[in-house]
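Annotated in TrEMBL:
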type    : residues                       : note
DOMAIN  : 5-119                          : domain 'Tetrahydrofolate dehydrogenase/cyclohydrolase catalytic'
DOMAIN  : 138-300                        : domain 'Tetrahydrofolate dehydrogenase/cyclohydrolase NAD(P)-binding'
BINDING : Gly164, Arg165, Ser166, Ile230 : NADP(+) binding site
Amino acid sequence: MPKVLDGATIAAEIKQDVAEEVKALAARGVKPGLAVVQVGHVPASEIYVRNKVQTSKELGFLSEHITPAETVTTEEMLALIATLNAREDIDGILVQLPLPKQVDAKVLLDAIAPEKDVDGFHPVNAGRLQAGRQALAPCTPAGVIEILKRSGIPISGANAVVVGRSDIVGKPAAMLLLHENATVTICHSKTRDLGAVTRQADILVAAIGRPGFITPDMVKPGATIIDVGINRIDTREEFDKFFKGNDKREAAFAKRGSVLVGDVHPAAFEVSGAYTPVPGGVGLLTIAMLMANTVRAAKIRRGM
Ligand code: NDP
């Protein structure tokens, strides 16, 4: 039976570690500060933002939830970022995406001081990560590494294949795996004979954005699968493709009219040695890693 790598347990461990660091910092008169900026009300962002703000409060951070109006301009947002950049009590600035069309997201994200960029999206942090310097790494890929390490999955010397090359998941995940001494291959939509490559993987990271894309024949028996994908499916046809005969999922589908599936077909997990489920895997790590990044930012900024 493959082992389930439970995101909730690992996220709780990370938050516990963060809470201890916060206590140690408090003894030195430091309170990490996180500002979460949420423009307007995108329903899909609502729950994420609430969780981020709530978790940071629970962990003893100074937590600010800033909510500019839907009509805010890029200039007004830049002024807000400049204020937050200058504030001594704020260590991390997070701008929740997506932003309304009139706001230039790239200009805005680039305006965040790199040392306060707890999402790890700033080009300076991407470059520092690449160069092997101290960097704030993006939360989701950093969570992938935490899952592997805390589950005792050996990374050094392993063949790691990352499917997906986005700037926020695929590329940084590959770079972090490389820093952990994996032999890394990055695949994308132009990769030829993808299955032949993924079958070489001891560690297979799927960050594609296509429901159930990785099928059992693409997985080396016993491999560790990290499924980053989060896809919502809401038709009976799609549901049956992935979960036919699964009573638990059937009940969830009947109740909500939709369920989540990762980028890996559930049947492919059966071939693996260990895997992260969806939901309940990588997704749960992202907020924990955001908290860890904020504490890290607080320490780095003060030379601690
Ligand atoms: P992007 O759409 O930015 O990137 C998708 C990548 O997959 C691209 O590099 C693309 O290749 C590649 N790809 C697409 N189709 C194929 C194919 N047929 N064969 C091989 N490669 C393919 O997505 P993200 O990286 O932002 O997200 C990936 C997934 O992770 C999504 O499901 C997203 O919801 C989820 N996610 C989960 C998070 C979490 O907290 N757990 C956080 C962020 C994302 P190419 O570059 O050639 O187009």
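Here the Cβ of each residue, glycine as well, is placed from N, Cα and C on the backbone.
Keep in mind that this is a model prediction, so the values were computed, not measured.
Mapped onto this structure are the features recorded in TrEMBL.
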| residue | record | Cβ neighbours (10 Å) |
| --- | --- | --- |
| Gly164 | NADP(+) binding site | 24 |
| Arg165 | NADP(+) binding site | 17 |
| Ser166 | NADP(+) binding site | 17 |
| Ile230 | NADP(+) binding site | 16 |
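DSSP assigns Ile230 (NADP(+) binding site) to coil in the three-state reduction, outside any helix or strand.
Mean model confidence of the domain 'Tetrahydrofolate dehydrogenase/cyclohydrolase NAD(P)-binding' (138-300) amounts to 98 (pLDDT, 0 to 100 scale). Per the record's binding annotation for NADP(+), residues Gly164, Arg165, Ser166, Ile230 show a top Cα-Cα distance of 16 Å. When DSSP labels each residue, the domain 'Tetrahydrofolate dehydrogenase/cyclohydrolase catalytic' (5-119) comes out as 60 helix, 14 strand, 41 coil, counted as helix, strand and coil in that order.
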